[in-house]
Amino acid sequence: MSSPSPSSSSSDHPSSPAPVPAPPGPVPEAAAASRASRAPVYLGGFVDVFSYPKDSRALYLNPADVGAHLPLPGPIPLNVEHLQEAHVGWTLGLHLTRYGLFCVAVITAEEFFTLLDRLCAASSVARTRADHHLPPNPTLEMLHTWLPELSLSSIHPDALPGAKGGDTPIFQHVALCAMGQRRGTVAVYGESLDWILSKFTSLSPEERGAIAEGYASPAPESLPEPHFTCSNEILMAKAIDAGFIKNRLEILKTDKGVAEVKAPTYLKASVQGLPANLDEVDSARGGEDPPTAAIATTPHPATDATTMNQQQPFAAQAPAGGCEDLISVPRSTFMTMLQTNLDTMRQTSLGQRFGQPIDAPAAPPAQLRVPPPAAPFPVHPGYYPAPYHPQVDAQAQYLPYVPLPPPGAMPFAPPPLPDFYKYGGIPAPGYSPVAHPARPGKRKRDCDEEFEGPLFPGEIHKDVQSLSKSIAALQSELKDIKNSQQFPQPLPQPQLQPQAQPQPQPAPQLYPAPPQAFYHPAAGDQGYYVRYLNPFQASGGVPCAPGPQGVGEPQAPQVTVTHNGHQAAPQAGGGATGATAANVEQRQPEGGEACGAQQQQPPQPQPQQQQQPQQQAFVEASTKPSQISQLQKIFCEELLNKT
């Protein structure tokens, strides 16, 4: 339940008391005579239902504390939306009942009645009655439409016990409002107080009699004239604020049920408005519109009465919960639904109109018939293979011409053949040109039957199926390469040759593989020239190929040469002799692979020789082919072949 606007809330918190008009005094005879022409409007309703829960603690009233300040010493003001300048009448009294605190008031402001008459002439909801058993009364209908509830302005409930006997009034005024903070505070307007009390079933007969007897004694003519000086702009602003109260009509129905108000009344809690009749508004104002405006707004006299007679019974027979069957749909959503329904209906109508196929003729047209068989004898090229009639009187075979049926009769007609498929007007056998690969030996991965559809701008791409085939081929090649890496082929070991000066040496010298320190030579060590050689074609060395132990010819021992002096050049066919130039140290190779004998000889002492100046050596290390480079090459070739 949403809280009402601040304009319609009751001022229950303790604050500085508002100036209260002076008690009623003697009324001049002229003023009383002017008000005698218009009957006063009475109203009654609960300003608080004790048993109904409230939204705030300040809204609760203790019946014992309230009863101590009743009855009122005199009438209190009755205004609109708690506005002091909108004083429209007087509150005759507050009566404490078993169900709640009941209020009885009267409206006597002549300026306010004039404003109600002008508003009712322009309001469609005010002129729509929920029950036609009641006589039309524009003033009562407008009051129920605009100000359907009551709001009591009093001091805070906590200050009620100690406020008795003070100078501050306990109840300041009662306001007519669009929505009160307390539930069940709906007002019933009428011209008779007894008729108003009869609409509240929550009041017992004894309570109705006590209220009518106690508050009917002061005559409305004896009360002073209210000073209604509020501008229309302020009242309009309050009405606009009330229009933004959430679920206002639903709350108004709840208040009507809480107060137990029975029909018929002028209450507009369940009434839907009709379009306003501008002619009645103009007649009430006493003005005339231009002729063009009158033509645009005046309905046709033949249809005006009929339309109003059809609309009023509909509004009268509408149930109280009729608005619950309606839902609010945005305009865009409604237009979308409407367009969808129209499209569906259009397709359905077209299907019913052209959906049933038309019966084709018994004989197909000549254009779709099978051509006659060719003659058994050859025909000159370029002519139709029609049968040859050597007899002059022989009649050729003529086929009657049958026109083509309409398009709807043959939905599955074969499409026309292209020109290059025809030979002499007769379909020729299919021909597909031989595909010429971009390079010799290219593997064919595309099928001739595959056909790519039309491509639009931005869709120039290869078919997904062909790309998947290329990826599968690449995966198979990668798998083959991985398998080949698991079982690599033996590579020849590098044979080392020293980069020596061209000096004659007496004895030949072999230079096998250097130790591990060769790749990171220390200061003073001799570098080497590394080159991969074929051990069977190299000169000046012993063939040294890896192989299983004990198989083949005996291998020569692996030697390590330490250069401390003159270096000897290798000789073709030389053996492992000439220890005078360098000390040769024989050792057993690690890992089970050896070149030479399996026995290890003890080291021999090295004779000291005169050191030669260190020579600069160059290393040329040829790398193995990279597998990554090979994969990149294959991938690039595949991309080039696909483009």
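The backbone N, Cα and C atoms fix where each Cβ goes, and this holds for glycine too.
Swiss-Prot assigns the feature region 'Interaction with major capsid protein' to residues 623-643, out of the candidate ranges 119-139, 623-643.
HIS82 (active site, charge relay system) sits 8 Å from HIS173 (active site, charge relay system), taking the CA atoms of both as reference points. Confidence for the region 'Interaction with major capsid protein' (623-643), expressed as mean pLDDT, is 64. The CA atom of SER151 (active site, charge relay system) is located 9 Å away from the CA atom of HIS173 (active site, charge relay system).
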